[in-house]
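**Q** Sequence annotations record features per position, and here TrEMBL assigns domain 'RNase H type-2' to 13-206. Marked as divalent metal cation binding site by TrEMBL: D19, E20, D122.
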Amino acid sequence: MKESFPMLRNVSKYVIGIDEAGRGPLAGPVAVGGVKITVKRKTKSEKLWEIFSGIKDSKQLTEKQREEWFSFLTSHPQLRCAVAFVWPRMIDRINIRNATLIGAQKVYDKLSTDGACPALLDGGLFLSDGIEQETIIKGDEKIPLIAAASIIAKVRRDRLMRRLHRKYPQYRFDLHKGYGTKLHRMLIAHHGASPVHRMSFKWREI
């Protein structure tokens with residue numbers, strides 16, 4: 001990642017990175033992850049970047065690597081992490097785009113309890129007016145803080161889908177995490193929809 005912390009010159013104490021996981025699945029919630037970093041005075045952008053040395057967008061990591069990064073991020077004293085889930089009933093009511101934006105605002109609100117602070121968001125995400133923010137196309141590939149947020153969102157959502165598998169084992173959420181794989185579509189065709197399926201998504205064409 002060549003870029004690190006745009007907006008840093010305007011930051012007094014904190015920056016929040018935000019990204020989502022699970023926009024496309026046929027089942028389960030969309031997850032929006034956030035990571036807040038404490039920016040100590042006189043800390044250079046390059047020094048902050050060292051915390052995330054080697055980090056990648058969650059889609060470019062193996063499950064084991066994501067879990068390792070998750071453990072590191074959630075235990076680092078200079079970072080605070082949070083996630084917000086928006087469930088299928090809400091997704092079906094307001095559509096996936098609006099549901100994801102609600103999740104982004106929720107996770108920002110969780111992390112900004114110390115006062116308003118600027119946010120860096122992956123492309124397609126934005127917050128309510130009045131918040132200093134920058135949306136960056138492919139931000140999860142360019143900005144380490146957004147990549148960190150993508151890992152938080154992905155790991156927490158995958159764990160949740162494994163728990164949902166225990167409740168609805170006939171759908172094998174542990175294997176596909178709700179995405180529209182051939183197996184998942186076959187199981188929907190056989191069993192019908194569960195309460196955690198997104199009724200507005202295209203599986204209904206099966």
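Backbone N, Cα and C define each Cβ position, glycine as well.
Keep in mind that this is a model prediction, so the values were computed, not measured.
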**Q** Around the divalent metal cation site (D19, E20, D122), what further same-chain residues have their C-beta within 8 angstroms of the site's C-beta centre?
**A** I18, A21, V32, G33, A104, L121, G124, L125, G139, D140, I146, A149, S150, A153
**Q** If you average per-residue pLDDT over the domain 'RNase H type-2' (13-206), what number do you get?
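**A** PLDDT averaged over the stretch: 92.
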**Q** Per 10 Å Cβ neighbour count, which of the binding-site residues D19, E20, D122 ranks highest?
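**A** Checking each of D19, E20, D122, the winner is D19.
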